[in-house]
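Colleague: From Swiss-Prot, for reference:
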- 28-49: disulfide bond (DISULFID)
- 34-54: disulfide bond (DISULFID)
- 38-56: disulfide bond (DISULFID)
- 1-21: signal peptide (SIGNAL)
- 41: site 'Crucial for Kv11/ERG channel binding' (SITE)
């Protein structure tokens with residue numbers, strides 16, 4: 001039972017996709033400023049302001 005749990009947990013963690021975020025060179029101060037940038041560049045409205053720059057995911 002424990003082996004099944006560990007295997008399931010490992011598969012879940014590996015499927016998260018750590019490299020999904022796409023950094024941009026657009027400066028920001030709030031995450032809402034990244035939504036139009038991400039929409040125009042990548043076609044997705046998911047974004048956040050990280051260290052003063054927009055990251056789209």
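Keep in mind that glycine also has a Cβ here, set from the backbone N, Cα and C atoms.
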Colleague: Under DSSP, is residue 28 (disulfide bond) helix, strand or coil?
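Modeller: In three-state terms, residue 28 (disulfide bond) counts as coil.
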Colleague: Please determine which of the disulfide-bonded residues listed here (38, 49) has the lowest count of neighbouring CB atoms within 10 Å.
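Modeller: Per-residue Cβ counts within 10 Å for the disulfide-bonded residues 38, 49 bottom out at 49.
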Colleague: When you put residue 56 (disulfide bond) at the centre and draw a 10 Å sphere around its Cα, which of the disulfide-bonded residues 28, 34, 49 have their Cα inside it?
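Modeller: Those close enough are 34, 49.
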Colleague: Taking Cα atoms as reference points, which of the disulfide-bonded residues 28, 49, 54 is nearest to residue 38 (disulfide bond)?
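Modeller: Out of the listed candidates, the nearest Cα belongs to 54.
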Colleague: Counting Cβ atoms within 10 Å of each candidate's own Cβ, which of the disulfide-bonded residues 28, 56 comes out highest?
Modeller: 56
